[in-house]
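> This is the structure I want to talk about, given as structure tokens.
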Amino acid sequence: MAGLGFQRKSMLSSSLVSLVIFSLSQLSIAMVPRFLPWLSLLGMLPVSGLVLLASLGFGRFFRRLLGVSQSAPAMVVFHLLFLWGVYVVMIREAVPSLLDATINAEFGLLLFGLYRILSGDPGLVANDSSSALHSRNGLPESNIYENSSMFSRVRYCKICKTSVRGFDHHCSAFGNCIGQKNQRLFMMLLVGFIIAEASYIISSTQYIAKSLSTDKIGFKNDIPGNVVISTLLFAVLQLLWQVVFLIWNIYCICANIKTDEWINWKKYPEFQLVVQSQPGNSSEVRFSNPYDKGIISNIKDFINPMEYSLHVIHVLS
């Protein structure tokens with residue numbers, strides 16, 4: 001019971017720190033249109049990016065000074081709820097009914113998807129299988145799955161201290177590993193965030209255009225104007241890196257390679273191709289992907305990854 005109480009207290013303190021950092025970052029971006037109203041929205045964008053990085057850096061220093069960890073999933077939820085709240089309170093009046101219903105549905109589905117990926121199983125290897133292999137091989141658990149052909153593409157996450165089938169990477173933003181069982185949900189969430197932020201950008205741009213076309217001469221200097229413009233800038237900044245990240249993940253799916261494998265391929269023997277230049281010369285190790293079966297087959301493997309389950313069944317039988 002004491003351990004459970006400590007865990008809850010730690011989660012609460014992490015969430016509170018995340019709330020402070022979230023508030024600081026949003027307030028910092030809101031100062032850009034407040035003090036630089038003469039800049040265009042395009043001119044405010046790089047300034048907002050620098051201000052956001054500075055505020056996040058200060059927040060990181062602040063939490064280290066207090067010795068409290070930050071909850072990245074809480075930050076994601078706070079930002080999502082804040083954008084949704086700004087939309088409902090300020091922006092939706094300038095948006096057509098169909099687009100309004102679509103945007104509200106997008107935010108609602110994103111919250112549901114966040115809950116699913118936060119609480120879901122990424123493809124964890126059963127503890128009894130882990131113990132059996134550990135005693136059989138006499139290896140540290142982090143090396144067992146990297147050296148056992150029976151556990152093909154089962155990798156060890158140093159953050160979660162567990163092994164995951166089809167491990168791609170540990171997503172701090174979603175607070176979970178991304179593996180065989182939740183990678184498709186991860187991609188749906190990534191696409192969902194891009195669509196929701198693009199919808200928010202469109203709707204907030206309509207609101208700003210409508211406000212500037214009326215008698216609101218000081219729109220950029222009043223509080224509602226500051227909030228709408230700052231959240232628009234924040235959504236654009238988020239959209240930029242998320243689109244790049246989506247392109248990378250699509251490439252990995254089409255090439256049938258995981259992010260962890262691409263970064264750490266020298267750790268995994270199946271990706272190492274030994275090439276002898278000339279007789280008598282030293283050999284060279286090059287990257288080779290044995291799982292690449294062509295784009296169409298790779299996409300089918302992503303949609304229905306049966307090979308991982310067959311490996312586990314073979315070990316447990």
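Cβ coordinates are placed from backbone N, Cα and C, and glycine is handled just like the others.
Take a look at what TrEMBL says about it:
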- 152-266: domain 'Palmitoyltransferase DHHC' (DOMAIN)
- 12-32: transmembrane segment (TRANSMEM)
- 38-59: transmembrane segment (TRANSMEM)
- 71-91: transmembrane segment (TRANSMEM)
- 97-118: transmembrane segment (TRANSMEM)
- 185-203: transmembrane segment (TRANSMEM)
- 223-248: transmembrane segment (TRANSMEM)
> Against the transmembrane segment (97-118), which of these stretches has the most C-beta pairs under 8 Å: 12-32, 38-59, 71-91, 185-203?
185-203
> Restricting to the same chain and to residues at least six past its boundaries, which positions have a Cβ under 8 Å from a Cβ of the transmembrane segment (12-32)?
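That would be 39, 44, 47-48, 51-52, 54-56, 58-59, 62-63, 66, 68-72, 74-75, 78-79, 82, 226-227, 229-231, 233-234.
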> Compute the average pLDDT of the predicted model within the domain 'Palmitoyltransferase DHHC' (152-266).
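Mean pLDDT across the domain 'Palmitoyltransferase DHHC' (152-266) comes out at 89.
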> Could you give me the DSSP helix, strand and coil counts for the domain 'Palmitoyltransferase DHHC' (152-266)?
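Breakdown, helix to coil: 73 helix, 14 strand, 28 coil.
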